[in-house]
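Structure first, commentary second.
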């Protein structure tokens, strides 16, 4: 069977997009999804996203990591899916859709900029050497001295697979403060099992964590990731973070067909 796909990227976080409103795609085929995401034997991507019908919102987001398994929320993937839905004519410049972590509102602006509302964060676990929170996906956030030369894959895997988070593990973010409103980060993503050029839920987690532990009092924070720049803004009341928005580019790369 020939399947049409679209390739999108958000600050280098790249995804295979498939319009599955007719429910033809074999979602239970883990090996197929893994092959499509393979950078040598497939299309190549950090994950695969299906756009599906939903009775109460504009569409449903179904996300799979590059290992072929269903995953928790992906912020950059969500932004790219909004751009994809806009390209297909499913939505105009504003939308509400459903994902694994609940409802999301989003808007499409000029120059392929998409702003996505993330879930509220009501719990931030502050430890001596790290912070843990869930922004739709679980994230470990840790400040390091030499981010440029830090071995993200080795140290990220050690934390992800260590005793701290058990069998499910966690995404791991390493952070450097640039100034009061700017932080750089590098992320090890579970399911990809490697560093990615960007992680939307990770950028969101870093922004909130840095505010929560007193590294900044800003509520609009610039995040430098390996693949570009993102902005996270939020409202704060104590340790409760609401109206959380992740904003950045979500760009169409190419489309094609592949035999499955």
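Every residue, even glycine, has its Cβ placed from backbone N, Cα and C.
Unlike curated records, TrEMBL annotations are generated automatically.
With 13, 65, 75, 76, 189, 190, 200, 201 listed by TrEMBL as binding substrate, the candidate from 53, 93, 171, 173 annotated for that site turns out to be 171. The binding-site residues near residue 199 (active site, proton acceptor), taking a 10 angstroms Cα-Cα threshold over the set 13, 75, 190, are 13, 75. Comparing the Cα of residue 74 (active site, proton donor) with the Cα of every entry in 171, 190, 201, these being the binding-site residues, the smallest distance points to 201. Each of the binding-site residues 13, 171, 201 was scored by the number of other CB atoms within 10 Å of its CB, and the largest score is that of 13.
For residue 190 (substrate binding site), applying a Cβ distance below 8 Å and a minimum sequence separation of six or more within one chain yields 65, 160, 169, 170, 171.
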